[in-house]
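Per TrEMBL, the features are as follows:
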type	residues	note
TRANSMEM	B:6-23	transmembrane segment
TRANSMEM	B:66-83	transmembrane segment
DOMAIN	B:70-464	domain 'Cation/H+ exchanger transmembrane'
TRANSMEM	B:89-109	transmembrane segment
TRANSMEM	B:121-138	transmembrane segment
TRANSMEM	B:150-173	transmembrane segment
TRANSMEM	B:218-238	transmembrane segment
TRANSMEM	B:250-280	transmembrane segment
TRANSMEM	B:300-323	transmembrane segment
TRANSMEM	B:344-366	transmembrane segment
TRANSMEM	B:372-398	transmembrane segment
TRANSMEM	B:410-428	transmembrane segment
TRANSMEM	B:440-463	transmembrane segment
DOMAIN	B:558-638	domain 'Sodium/hydrogen exchanger regulatory region'
Amino acid sequence: MGALQSLPDEPEYRDLSEKTGFSFEQIGILHKRFKQLSHNEDTLRRDDLNTIPDLSCNPIRTQIIEAFFDKRNFHQNGEGTVQEISFEEFLVVMSHFRPPALDMTEEQREIIRREKLRFLFNMHDTDNDGTITLEEYRHVVEELLSRSGALGKETAKGIADAAMLEVASISMGHMEPDEFYEGITFEHFLKILKDIEIETRMNIRFLNMDTTNLCKVNRAYPDCTSLTKYTDKLLESCLWFGFGLL
Amino acid sequence: SGSFLLVYLYIFLVVFVGIGLPIEASAPAYQSHGTEGSHLTNITNTKKAFPVLAVNYEHVRKPFEIALWILLALLMKLGFHLIPRLSAVVPESCLLIVVGLLVGGLIKVIGEEPPVLDSQLFFLCLLPPIILDAGYFLPIRPFTENVGTILVFAVIGTLWNAFFMGGLLYALCQIESVGLSGVDLLACLLFGSIVSAVDPVAVLAVFEEIHINELVHILVFGESLLNDAVTVVLYNLFEEFSKVGTVTVLDVFLGVVCFFVVSLGGVLVGAIYGFLAAFTSRFTSHTRVIEPLFVFLYSYMAYLSSEMFHLSGIMALIACGVVMRPYVEANISHKSYTTIKYFLKMWSSVSETLIFIFLGVSTVAGPHAWNWTFVITTVILCLVSRVLGVIGLTFIINKFRIVKLTKKDQFIVAYGGLRGAIAFSLGYLLSNSHQMRNLFLTAIITVIFFTVFVQGMTIRPLVELLAVKKKKESKPSINEEIHTEFLDHLLTGVEGVCGHYGHYHWKEKLNRFNKTYVKRWLIAGENFKEPELIAFYRKMELKQAIMMVESGQLPSVLPSTISMQNIQPRAIPRVSKKREEEIRRILRANLQNNKQKMRSRSYSRHTLFDADEEDNVSEVRLRKTKMEMERRMSHYLTVPANRESPRPGVRRVRFESGLSV
């Protein structure tokens with residue numbers, strides 16, 4: 001792992017940086033993580049992500065993992081899913097969670113907002129027909145409440161129905177009794193979520209600093225292996241917590 | 001013409017009250033003495049005529065005066081809102097101070113001593129309701145997302161203000177021409193620490209009317225709340241040392257330790273009382289009428305306890321309100337929630353009004369010592385230090401924030417740093433041994449007037465001019481709620497994929513801890529298992545039902561004609577008529593059962609509210625679902641033959657969604 005601290009490959013990283021907007025250091029750190037997850041191979045599979053312990057108690061784990069293998073999120077106008085992804089595709093999916101820069105114009109922010117909402121839309125629209133049907137929405141709410149047992153399943157239906165009703169009322173306004181509302185299109189989706197300020201909410205922190213290197217000195221003492229692991233984690237979490245507060 | 005009449009009425013009232021109070025205060029001593037005296041004298045004296053009518057003012061004097069003052073304050077408040085042109089331009093706080101000045105002036109003209117804002121009264125009675133109101137209804141999500149920024153502004157910003165101002169004022173006093181060479185460094189620093197803190201009362205009063213976007217609002221407001229610990233420590237520190245005269249390094253170190261003790265201690269005391277309140281509310285299901293009192297009393301006890309130990313009372317109150325709220329709200333009835341909300345708003349409104357009026361009266365009361373240079377420099381330095389502080393700190397903070405603060409945000413944060421009654425009371429608390437006390441008081445009052453009048457009045461047009469983002473008027477939307485929760489899980493998951501222990505990871509851990517251990521103890525019945533989304537959905541349903549009851553009509557609240565039929569039309573084959581009838585019968589029986597169950601509760605004082613509320617709501621619910629029933633028949637026809645009918649009313653939620661299966 002220490003070898004990767006040498007200078008990153010300049011031309012390759014430059015290309016990726018231009019495409020995704022990450023800095024060289026961030027790409028380096030994410031590359032390290034990619035190698036860690038894929039066990040030093042060049043491609044990542046679903047099982048690699050399934051083994052992450054932090055994801056195990058997440059109610060929407062399957063959808064998150066699927067999002068990484070969804071071709072629609074690779075910005076190449078592809079459709080369908082793949083079985084394994086390269087580092088470039090991994091980075092492109094991650095770039096959906098970058099915050100907008102301070103000096104962006106209103107149009108640029110609008111583009112970023114659409115991109116992030118498109119990502120969310122793709123997560124819901126599993127059959128890729130361009131609309132979120134009632135069944136798909138019900139599935140989303142059920143997954144969210146999946147940890148509440150049987151009670152969750154019944155109310156999920158009620159909640160999803162009420163939500164669909166709300167979308168239909170906001171987007172369509174008036175419908176005859178025998179007309180049928182097919183499903184939430186992307187434009188309707190944008191409309192109902194326009195107040196949520198997604199470009200400021202849907203971000204995670206990509207720091208430029210690799211925090212595990214701060215504990216490099218401890219690695220010199222092989223008999224303290226378990227202790228170093230804990231101090232590493234502790235220091236890292238303290239730093240993240242501190243940054244997270246801000 | 002109506003508003004002119006009102007203006008005359010108010011002038012009359014001001015004059016009447018202004019004159020009436022001091023006359024009563026100095027009422028001649030012809031009132032009857034205590035009953036024991038008259039009892040004895042009755043035997044020995046000659047028989048007098050039985051007093052049909054007698055005046056005994058001393059008996060009721062104190063409560064009478066208090067009630068009269070409060071009535072005056074509220075009538076003023078009433079008056080301002082009846083004159084729309086005035087209330088649109090001038091913030092209420094300014095008008096109230098002017099009224100205070102008028103009343104104070106009147107009292108002085110008559111020759112009486114106008115009452116001054118007693119610090120004890122202020123800190124023990126007038127301030128807690130406002131802070132509790134703020135803390136209980138603090139919007140948690142924006143607060144926790146920005147808590148780091150808020151703390152930096154509150155702690156480091158206030159420290160910077162205090163030292164910058166104190167230092168420069170000391171330098172000013174060294175100049176011969178000012179004539180204040182007697183003022184030493186510690187006194188100046190003490191003054192700096194009093195005047196540097198942003199005041200929550202003033203900020204609330206002004207920001208409430210400008211409806212600015214959530215981020216800036218929570219930044220300024222949070223800062224005004226959290227800087228109390230710094231103010232307390234600095235004030236006590238400098239007060240102690242200005243008597244002694246010197247400061248050593250050990251003292252400074254102890255001061256820093258004191259700061260942590262004061263702030264964390266205050267939060268701890270507040271949290272303890274908060275948990276106690278939550279635990280108590282778990283058992284109040286049979287005595288709903290006194291539920292709100294528990295909330296108020298526990299919070300007030302938290303404030304008093306922390307004041308007793310010289311900890312930060314404001315932080316204790318905030319911590320108590322924040323900790324107690326989610327659990328208490330899960331336990332108490334809807335009516336108790338409304339009561340708490342309205343009482344808090346009422347008390348804080350009255351307090352705020354009284355504070356501003358008394359500020360005006362106290363200004364007239366004096367004593368004053370005016371020194372042009374000192375006062376003007378203080379005002380200018382306040383502004384300058386605030387602006388410099390905000391710009392400098394934002395520059396550092398922006399390096400760590402995901403969502404950076406723009407220049408407009410910074411401007412509003414700097415301009416919204418208003419000073420208020422806390423500074424005045426702290427100045428008033430200074431013992432008379434301080435030679436500069438009067439000068440300081442005058443300067444403090446001038447700063448307060450400047451910030452409240454000038455900054456308070458101009459902030460609204462400036463917000464319009466700079467086109468700062470305003471608060472969005474949003475109704476609760478179930479889609480937004482679903483996606484907020486979805487986003488939380490999504491971001492936690494992606495952080496997990498990245499291998500970072502970030503903001504969402506820790507939030508998730510806290511939530512899980514909360515759910516498994518804390519909620520179990522503090523929430524009554526089975527409610528603790530209920531996820532937030534379901535609680536939100538039920539609340540929305542309840543609100544809709546109540547709205548229907550109030551408006552007295554049945555049709556759907558949504559203005560459109562879209563119903564479930566448009567979403568999911570019948571795609572299932574019809575079942576036989578007999579089966580249809582059977583299902584209808586079962587469902588009708590269920591509805592009847594529930595109706596009877598609700599009605600049969602006995603009419604008693606303790607369950608009065610509950611029965612009322614449940615009745616109305618369930619009535620509406622039944623009517624609403626009956627209507628839906630007709631339209632959604634096709635859904636019910638998918639019920640397979642071997643499934644038993646839904647059990648009557650175990651939980652409202654189950655009953656309701658049982659119909660939609």
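Cβ coordinates are placed from backbone N, Cα and C, and glycine is handled just like the others.
What TrEMBL says about a protein is an automatic prediction, not a curated fact.
The average pLDDT the prediction assigns to the domain 'Sodium/hydrogen exchanger regulatory region' (B:558-638) is 52.
Spatially, the transmembrane segment (B:121-138) is not adjacent to the transmembrane segment (B:440-463); fewer than three Cβ-Cβ distances between them are under 8 Å for residues at least 6 apart in sequence. Same-chain residues lying 6+ beyond the ends of the transmembrane segment (B:372-398) with a Cβ under 8 Å from its Cβ atoms: 148-149, 152-153, 156-157, 160-161, 164-165, 168-169, 172-173, 178, 180, 195-196, 404-405, 410, 413-414, 417, 419, 439, 442-443, 446-447, 450-451.
Panel annotation: around the transmembrane segment (B:344-366), residues 69-70, 72-74, 76-77, 92-93, 96-105, 107-108, 113-117, 122, 125-127, 129-130, 132-134, 136-137, 201, 204-205, 420-421, 424, 428, 438, 445, 448-449 of the same chain, lying at least six beyond its termini, place a Cβ under 8 Å from a Cβ of the stretch.
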